[in-house]
Amino acid sequence: MKISKGIVVIVLFYAAFADRPTRWCVSSNAEEMKCNQLKAELQKAVESNKTLATVLPADFQCIDADDVFSCMELIESDQADLINLDSGLGYFAGRQHNMMPIMAEKYDTVTTTDKPSLYSVAVMAAGTKINLNTLTQNSSYQLLCPDGKTAAVTDYATCNWGQVTSNVILTSAVRDPYIVKGYKNFLFAAQQLFGRGGRLSSSFQIFNYESSYPVDVFKRVFTRKNLMFSDTTQSLIDITETETYYSWVADDFNDMLTEMNNCPSEVIRWCLISMAEKLKCEDMIMAFKAKELQPEMDCLYGGNTTACLEMIWRGDADLISLDAGDVYIAGRRYGLIPIASEDYGDMSMKFKAVAAIKKTDQQTTLFNLKGRRSCHPGIGRGDGWVIPLNIFIETKQFSPKDCTIFRNIGELFSRSCIPGSLDTEYNPGGRPINLCEGCKTNGYGKCQRKNNEMYYGTSGAFRCLVQNGGDIAFVRHLTVRDNTDGHNRATWARNRRSDDYELLCKDGRRLNVDRFNECHLGEVPADAIVTSAAKTSKQIDIIWNVLNYGQQYFSSDIDGDFHMFDSGFWYSNLIFNDAAVRLMKISPDRQNYKDWLGKTFLVQVENLHRYTCVNPDSAGFLRPSFVASLLVVLVSMLLKHL
């Protein structure tokens, strides 16, 4: 028996369309109520005429979202199917969420294009003193023309700012063609039933709004217009399968949108202190490019924090993310300013420094650290240096004198891992060596103040404690939780339980790691992104907008291929802290290191500088560039005397 190909296609189409719901995304209460009314009318239409079941969806749903941008995300992730958008939002949906137009609204307006469109006009009140009751009359308004003249509202054909393609119904570009065909058949059938002059338009009209809807059990009154469709729509027309959003809208409209998205800043240069950070930065560049975020970013390898600060100071780089201790140096020595801060979930833009210890070690307290082994995130940092050392001095673990603080630490602990503590930039004497004996990495990378050292950073300091590199770890209040109970996939963190660790309190108690609010050593300003003070407010806004848009797409640690606040399997806290949940803009009145850090932290930092013999204002003489310049001058002077 022969079976017609046409029958097979129809069967396949109907099966594909019937197997899944048709979900319209709405973004307001009024729109949701109209959508639910449409759902009820569709059900009644099918009950009265069973043949309509072949074109109307068996399961029509109304999906509520916060806004149209949330709708785009839902459609892209196959949690919704359809939405009606204007040309501007359609441009965004097409470029950012891979959506395509399938139907367009058609209006009465006669334009110069062969596609349904409308004129963009600027409307102004026709006078300065008008009774509000007369504002509903056309004579109460005038059109403002591009040449500065005005015209009657009926003269839009000669007084307008350009033609805009009509609103379009969009769906995901990856939907099966049979399903898309089903959407179109449904929309055509719906307008024949409920459109202008439709068979059932006396009971419900899809191209009109109502003040209330029978399905609303609360009998609310709505005043919003243009729900689901524009109220001026006369009919819907098919957009062919070959049309994309870009081919559907006019070229000049595309050009205008492209021009609007152009950014006056050419590139944002991020300075990185390790190759691992640079690799993540390059991934971030590709992720941002995929979303067409502008201006583009560039990743510059500085090698260490000081070199990056100098690059930004010279104008060779733009950004770096810093711990509070480094923000102090960046602001005081180089005049850099903090513009954005990490947030760790409470929007305080701060974190608590804590002392973590194994529960099995019942002897150690904050008052008997002599001879113990310690783990620190790094020299000069707020979490592992500034706060703990002030505690040691406060509890009289030692009494430092001029230039003795490194010797004091070396005598207090039998050995430590304090990455960077033997660098001449921080410790001109480069002693004692036991400040680095507890570090894990071998060879050149040992005890470096960057991710080359396995025990660098807060997660590194906790790893030092976990792997018996030390007896106590000075970390942040979320560090233990972030690296135990399955939250960290790294091999060293597997099978680690948070209840195997405790916090040491300043009053001598030991508490559960979740009780950091009552058991911490001090509060520290969150890590901040700094830039040159020479940046204008507009340039700072551009930088913030890129970062802010970026985190809208990539702040999640679950969805997508790139995660801003996740460092992968082998590393932790690359560029941003893994514990961060978002970036927050620092208000202009706090965009200087003193106001950002606060008086309490400033006092603690400056208290330590008295004992390190490194002047935060004049350490520039140690910079390689300064030394090189000095050598050039000396050689030139010698040559002149030869």
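Note that Cβ sites are derived from N, Cα and C of the backbone, with glycine treated the same way.
Annotated signal peptide per TrEMBL: 1-18, in sequence order. What TrEMBL lists as domain 'Transferrin-like' is 1-262, 268-610. As annotated by TrEMBL, disulfide bond applies to Cys145-Cys159, Cys271-Cys308, Cys281-Cys299, Cys375-Cys464, Cys417-Cys436, Cys505-Cys519. Residues or ranges marked as Fe(3+) binding site in TrEMBL: Asp323. Annotation comment: TrEMBL describes Arg381, Gly384 as hydrogencarbonate binding site.
Features per TrEMBL, on structure.
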| residue | record | Cβ within 10 Å |
| --- | --- | --- |
| Cys145 | disulfide bond | 16 |
| Cys271 | disulfide bond | 26 |
| Cys281 | disulfide bond | 19 |
| Cys308 | disulfide bond | 26 |
| Asp323 | Fe(3+) binding site | 26 |
| Cys375 | disulfide bond | 29 |
| Arg381 | hydrogencarbonate binding site | 29 |
| Cys417 | disulfide bond | 34 |
| Cys436 | disulfide bond | 21 |
| Cys519 | disulfide bond | 22 |
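Around the Cβ of Gly384 (hydrogencarbonate binding site), a 10 Å sphere holds 30 further Cβ atoms from the protein chains shown. The closest partner of the residue listed as 'Fe(3+) binding site' among the recorded positions, by CA position, is Arg381; the full candidate set was Cys145, Cys159, Cys299, Arg381, Gly384. All protein chains considered, the CB of Cys505 (disulfide bond) has 19 other CB atoms within 10 Å. Cα of Cys271 (disulfide bond) to Cα of Cys299 (disulfide bond): a span of 6 Å.
Mean pLDDT of the predicted structure over the domain 'Transferrin-like' (1-262): 81. Cys159 (disulfide bond): 21 other CB atoms within 10 A of its CB, across all protein chains. Distances between the Cα of Cys505 (disulfide bond) and those of the recorded positions Gly384, Cys436, Cys464 are shortest for Gly384. Within the same chain, residues at least six positions away from Cys299 (disulfide bond) with a Cβ under 8 Å of its Cβ are Arg269, Trp270, Leu272, Lys278, Cys281, Glu282, Ile285. Under 8 Å, Cβ to Cβ, and six or more positions away along its own chain, Cys464 (disulfide bond) finds Cys375, Cys417, Gly438, Cys439, Lys440, Tyr455, Gly470, Ala473. With respect to their backbone Cα atoms, Cys159 (disulfide bond) and Cys308 (disulfide bond) stand 55 Å from each other. Of the recorded residues, Cys308 (disulfide bond) and Gly384 (hydrogencarbonate binding site) place their C-alpha atoms 21 Å from one another.
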